[in-house]
Amino acid sequence: MLGFVLRRLGFAVITLFAVLTLVFFVIRILPGDPTLVILGDQASAQSIALLRERMGLDQPVWLQYLQFLGGALRGDWGTSLVSGRPVIQEVLNVLPHTLELTFVALVLGVVLGLPAGIWAAVNRNRIPDYVTRIVSLLGLSAPAFVSGIVLLLVFSIMLRWFPVISGGQGTTLLDRARDLALPAINLALIMAAYVTRVTRSSMLEVLSQDYVRTAMAKGAPARAVVWRHALRNCLIPVVTVVGLYLGILIGNSVLTEIVFNRPGLGKLIVGALNQRDYTMLQGMMVIYTLIVVLVNLLTDLVYGFIDPRVQYK
Amino acid sequence: MTMKRIALGVVSAALLAGTALPALAQTLTVAVPGNDLATLDPHRASATFDKNVINWMFNGLVRTAPGQFQLDTIEPDIAESWETSEDGLVWTFTLRQDVLCHGDYGPLTASDVVYSLNRAASPETSSYSADYAAFETVEALDDHTVQITLSNPIPTVLGLLVPFNGGAIICEAAGTELGDGFGRNPVGTGPFAFVEYQSQQFVRLAANTEYFRGAPEIDEILFRYVASDSSRDLAFQSGEVDIVNGRFEQSWLDRMAGLPDTTVQVLGPYELHQLHLNMTQPPLDDIRVRQAIAHAIDRDQLVAFRGEMLTRPATSVIPSGYLGHEPQTLLEHDVERARELLAEAGYPDGIDLRTVQTTLPAMLTTMEVVQAQLAEAGIRLNFELVDHPTFHEQIRQDLSQVVYYGASRLPVADIFLTQFFDSDSIVQKPTAVTNFSHCDVADAEIEAARTEIDPERQAELWQEAQRKIVEAICAVPMYEMGQPYAWTNRLEFAVPQEGSLNLSPSINETTRLAD
């Protein structure tokens, strides 16, 4: 297994290098000049030239690339063109907020989605099944910014339970929970919808297997058959979806971050793109890739825990 | 140390207040539709939301009256008096002796002013260095006297010394000590001092209890970035936000005005929105085609579209209220005449024009109306939609035959005329600024007015420049638009708010927040 992990990490390095190179050149091909964004529309040509020189943007692209690679190898991701602060520091500032939100949304989503999916499967083509399917379809179709605004209207304006601006700055645990509640629920609803649908179909398939029929035939209680025999066998596709979705969640939570005004990685990426902050984008893409690679690796390892037949070669 | 001292100030203020009431610091929360700050260095900041905060932290040698932005309201700020030589080239300012820099940076003296103005004039440290090109020397005659010597007369010296862009005075010790970090840890002398910044979240300012005009009534300002329009309005509605910077739409103003205990106000200075026509590219090189475009534009309809409270029809190629502005006779909306002119120019079947257009909603919706208006006269305006940074780059590469641009500048005719209509400012030249039309018809007048000492003669020259530019149709003026704001009626300003150069309400030592 250690060999498997090491080999996967080896591939990860190659992936990272490819992403890094691609991002470096693509963002430089994009039109739009960071110096104009920084200096504004009244800056003289002289100021712009001076700034380009100071940021090293006047050098040939291949030279910039080599310098960037050299820095990256030493663990130096450069400084943000706009804020002048180290990229790593800017990312680490917001990363905890993103991880916190993602983790809570993930747990909530699984806690809601898994039982709902099982419930729908064991009641196939009966009312609970229809209800679950319609609700989960709604969850999949409603964009995060719509469900977010609805949550705000109901819980912040009408009921006044939560703040509109959940800055994630709370100092006590209760404050933090209050700040986190609505955005996490908003993301969890989408997550739960995915998990419900995958669990349902996977469970249906398992329930039609011979060993389930055998268990039923020998008189085992239905509850025990579902929870002890079927559940574990239907989890692999669910774990796959959760793993895939976790990667998407970390980058795509930007709409939720904007609606609830939370700091986060998604907002940082969008901001950096709007300002053509090259160094910032480079650093963030690498970190994002790293997270996706690690999550995928983790997913693969979880397979082994669920299903002892899975071998790591 | 800085933070400690401010915190001490806040705490002691809270304790004093607490003798009668429970110690509750008064926080004024402001929300703006931005994502994050770029820099709080006043000599660098170009984004509106950065200037909004800078507004409350800095002083100039002089200032426009609180709540006002017109240069004829200029009054003493750090300088208590000043005199000028006969030829207008030597200006001597006497400074107040009770001005303290924020934090532990001590009293402000003449050498700080010299440092600050030199910093504003250097292209290495300032985005506004070109404005100060005529400042030959800035000297400290003694601790409290500063002398500025000009190489040639300029239209407004005092206008460059208000706390806006390069005119904001920063303390030397802080500027040299913090270097590039100054933009994230600004040190000024104003009623509020910088405390902390949380990326994508907020900037926190605390009352400067040692402010030379007296300690502010409000303890703290929380300047929040709330990018989502709906959440920002909801946060105002729920009482989490006291001042909200709104959407450029009449419907927003109407909805906010319908909320209880809310004041809705449009602040100046108004931005002038116009279409710059590239006069070097066919078919726009034919004046009849440009006249046809001007005739096809219906200014009143555009104003009705954007909102009567937010906008007003343009009257010239520079914004009204600017020193030197003179209303011009603009071509009337007349679709028939537009068609005739096109036919005369040899285009009976109409023309196709290419425009690079930003996807920023407030600008795109206007251009959609313009597109429909032009279409009625047979002028087909084809959009190339791009994001905002791309827009800014491509319009500077002559890639857009029609450039839609909205701008406000220091309210004196010279700066607007120079940046948009002087041939030195034509895009792609080494001296380029924002002359997208390649206009050069009023160079002589703009240049002569710049150094003219006699105000009457200067006004005549500016008037003549505007007339020539309007006649040549370098640009088609459309409307002027202010800054939409709403605030709670708990907020009490000592003076009426008509606007400020930094485009945010003047929150100072006299502003109160009722319980």
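Glycine too: its Cβ is placed from the backbone N, Cα and C atoms.
Residues annotated as transmembrane segment in TrEMBL: A:9-30 (among others).
Feature annotation from TrEMBL assigns domain 'ABC transmembrane type-1' to A:95-299.
The annotation transmembrane segment is assigned in TrEMBL to A:101-122 (among others).
According to TrEMBL, the feature transmembrane segment maps to A:134-160 (among others). Residues 113, 116, 182-183, 185-187, 189-190, 192-194, 196-197, 253, 255-256, 258-260 of the same chain lie 6 or more positions beyond the ends of the transmembrane segment (A:134-160) yet place their CB under 8 Å from a CB of it.
Look at TrEMBL and you will find A:180-199 (among others) tagged as transmembrane segment. Packing against the transmembrane segment (A:180-199) from elsewhere in the chain are residues 100-102, 104-106, 108-110, 112-114, 116-118, 120-121, 132-133, 135-140, 142, 144, 147-148, 151-152, 155-156, 162, 166, 168, 234, 237-238, 241-242, 245, 249, 253, 256-257, 259-260, 262: each is 6 or more residues past its ends and has a CB under 8 Å from a CB in it.
Using a Cβ-Cβ cut-off under 8 Å and counting only residues 6 or more beyond its ends in the same chain, the transmembrane segment (A:234-255) has close neighbours at 98-99, 101-102, 105-106, 109-110, 114, 117, 143-145, 148, 187, 191, 194-195, 198-199, 201-203, 205-206, 264-267, 269-270, 288, 291-292, 295-296, 298-299, 302-303, 306-307. If you look up TrEMBL, you'll see A:234-255 (among others) marked as transmembrane segment.
Under the heading transmembrane segment, TrEMBL lists A:285-306 (among others).
Within the chain, the transmembrane segment (A:285-306) has long-range Cβ neighbours (under 8 A, six or more residues past its boundaries) at 1, 5, 8-9, 12, 15-16, 19-20, 23, 72, 77, 91, 95, 232, 235-236, 239-240, 242-244, 246-247, 250-251, 265, 269, 312. Outside the transmembrane segment (A:101-122) by six or more residues, the chain places 128-129, 132-133, 136, 180, 183-204, 207, 222, 226, 231, 238, 242, 246, 249-250, 253, 256-257, 262, 264 with a CB less than 8 A from a CB of the stretch.
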